[in-house]
Amino acid sequence: MRRILFKSKIHRATVTQADLDYEGSVTIDRDLLRAADIVENEKVAVWNITQGTRLETYALEGEAGSGVICINGAAAHLNKPGDLVILATFAEVEEAEVANWKPTVVFVDKDNRVVPGQTKEIPGPQRRSA
(Lines of atoms letter the chains of each structure in order from A and count residues from 1; the text may use other names and numbers.)
(Lines give C-alpha, C1' and ligand atoms only; values in the text may rest on other atoms or scores of the structure.)
Protein backbone atom coordinates (compact mmCIF):
# COMPACT_ATOMS: atom_id res chain seq x y z
CA MET A 1 0.00 0.00 0.00
CA ARG A 2 1.10 3.57 -0.66
CA ARG A 3 0.17 6.53 1.51
CA ILE A 4 0.07 10.20 0.61
CA LEU A 5 2.17 12.05 3.17
CA PHE A 6 3.14 15.66 3.72
CA LYS A 7 6.43 16.17 1.79
CA SER A 8 7.44 19.79 2.25
CA LYS A 9 6.24 23.29 2.96
CA ILE A 10 7.24 26.92 2.98
CA HIS A 11 5.64 28.28 6.16
CA ARG A 12 4.14 31.78 6.47
CA ALA A 13 5.47 33.22 3.22
CA THR A 14 4.24 36.66 2.21
CA VAL A 15 2.48 37.01 -1.14
CA THR A 16 4.45 39.62 -3.10
CA GLN A 17 2.30 39.72 -6.25
CA ALA A 18 -1.02 38.50 -7.62
CA ASP A 19 -1.27 38.40 -11.43
CA LEU A 20 -4.84 37.73 -12.56
CA ASP A 21 -3.91 37.79 -16.27
CA TYR A 22 -1.35 34.97 -16.09
CA GLU A 23 -2.49 31.43 -17.05
CA GLY A 24 -2.15 29.97 -13.56
CA SER A 25 0.34 28.67 -11.01
CA VAL A 26 2.39 30.17 -8.19
CA THR A 27 5.81 31.67 -8.93
CA ILE A 28 8.23 30.95 -6.07
CA ASP A 29 11.77 32.23 -5.50
CA ARG A 30 14.18 29.52 -6.71
CA ASP A 31 16.05 29.59 -3.37
CA LEU A 32 12.83 28.73 -1.55
CA LEU A 33 11.98 25.97 -4.02
CA ARG A 34 15.37 24.35 -3.46
CA ALA A 35 15.22 24.73 0.32
CA ALA A 36 11.77 23.11 0.38
CA ASP A 37 12.58 20.38 -2.17
CA ILE A 38 9.87 21.60 -4.56
CA VAL A 39 10.46 21.36 -8.31
CA GLU A 40 8.98 23.40 -11.13
CA ASN A 41 5.55 22.10 -12.20
CA GLU A 42 5.08 20.19 -8.93
CA LYS A 43 1.56 20.30 -7.47
CA VAL A 44 1.41 22.81 -4.62
CA ALA A 45 -1.31 23.51 -2.07
CA VAL A 46 -1.68 27.20 -1.22
CA TRP A 47 -3.25 27.77 2.20
CA ASN A 48 -3.93 31.45 2.78
CA ILE A 49 -3.58 32.26 6.49
CA THR A 50 -4.89 35.80 6.06
CA GLN A 51 -8.00 35.02 3.97
CA GLY A 52 -8.69 31.45 5.07
CA THR A 53 -8.75 30.16 1.48
CA ARG A 54 -7.19 26.97 0.11
CA LEU A 55 -6.37 25.99 -3.44
CA GLU A 56 -4.13 23.72 -5.50
CA THR A 57 -1.91 24.81 -8.36
CA TYR A 58 1.63 24.12 -9.60
CA ALA A 59 5.00 25.72 -8.92
CA LEU A 60 6.92 27.95 -11.31
CA GLU A 61 10.50 28.96 -10.60
CA GLY A 62 11.06 32.63 -9.83
CA GLU A 63 14.28 34.60 -9.68
CA ALA A 64 16.66 33.39 -6.96
CA GLY A 65 16.99 35.80 -4.06
CA SER A 66 13.96 37.84 -5.14
CA GLY A 67 11.63 36.60 -2.39
CA VAL A 68 8.88 36.36 -4.99
CA ILE A 69 5.64 34.58 -4.14
CA CYS A 70 3.33 35.47 -7.03
CA ILE A 71 -0.12 33.94 -7.22
CA ASN A 72 -1.08 33.70 -10.89
CA GLY A 73 -4.36 33.36 -12.78
CA ALA A 74 -7.78 33.00 -11.20
CA ALA A 75 -6.19 32.22 -7.82
CA ALA A 76 -5.24 35.91 -7.67
CA HIS A 77 -8.87 36.54 -6.66
CA LEU A 78 -8.18 34.59 -3.43
CA ASN A 79 -4.66 35.82 -2.60
CA LYS A 80 -3.49 39.42 -2.39
CA PRO A 81 -0.04 40.99 -1.90
CA GLY A 82 0.75 41.03 1.81
CA ASP A 83 -1.29 37.89 2.60
CA LEU A 84 0.50 35.17 4.57
CA VAL A 85 0.41 31.72 2.97
CA ILE A 86 1.63 28.19 3.51
CA LEU A 87 2.84 26.43 0.35
CA ALA A 88 2.75 22.65 0.80
CA THR A 89 3.46 19.52 -1.22
CA PHE A 90 2.67 15.85 -0.68
CA ALA A 91 4.19 12.59 -1.92
CA GLU A 92 3.12 8.97 -2.33
CA VAL A 93 5.22 6.89 0.04
CA GLU A 94 5.54 3.12 0.30
CA GLU A 95 4.22 1.67 3.57
CA ALA A 96 7.73 0.47 4.47
CA GLU A 97 9.02 4.08 4.34
CA VAL A 98 6.28 5.68 6.45
CA ALA A 99 7.87 5.15 9.88
CA ASN A 100 11.07 6.96 8.86
CA TRP A 101 9.47 9.66 6.70
CA LYS A 102 10.68 13.20 7.44
CA PRO A 103 9.10 16.16 5.66
CA THR A 104 11.03 19.32 4.83
CA VAL A 105 9.77 22.45 6.59
CA VAL A 106 11.12 25.86 5.57
CA PHE A 107 10.41 28.90 7.72
CA VAL A 108 10.80 32.33 6.17
CA ASP A 109 11.07 35.89 7.44
CA LYS A 110 8.92 38.86 6.34
CA ASP A 111 11.00 39.18 3.15
CA ASN A 112 10.57 35.48 2.24
CA ARG A 113 14.17 34.64 3.14
CA VAL A 114 14.90 31.27 4.73
CA VAL A 115 15.30 31.50 8.51
CA PRO A 116 18.47 29.45 9.13
CA GLY A 117 18.33 26.74 11.76
CA GLN A 118 14.55 26.79 12.19
CA THR A 119 13.38 23.48 10.77
CA LYS A 120 11.06 21.94 13.35
CA GLU A 121 7.42 22.76 13.87
CA ILE A 122 6.06 23.15 17.39
CA PRO A 123 2.48 21.89 17.75
CA GLY A 124 -0.07 24.59 18.61
CA PRO A 125 -0.83 23.71 22.25
CA GLN A 126 2.89 23.35 23.06
CA ARG A 127 3.71 26.61 21.31
CA ARG A 128 1.01 28.48 23.23
CA SER A 129 2.14 27.14 26.61
CA ALA A 130 5.80 27.99 26.03
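Backbone N, Cα and C atoms are what each Cβ position is placed from, and that goes for glycine too.
Given the structure is predicted, the values throughout are model-derived calculations rather than measurements.
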If Swiss-Prot gives Gly73, Ala74, Ala75 as binding substrate, which of Thr50, Thr57 does it give for that site as well?
Thr57
Between all pairs in Thr57, Gly73, Ala74, Ala75 (listed as substrate binders), what's the biggest Cα distance, rounded to the nearest Å?
10
At 10 angstroms around each C-beta, which of the binding-site residues Ala74, Ala75 has the fewest other C-beta atoms nearby?
Ala74
Given Tyr58 (active site, proton donor) and Gly73 (substrate binding site), what distance in Å do their CA atoms have, once rounded to a whole number?
11
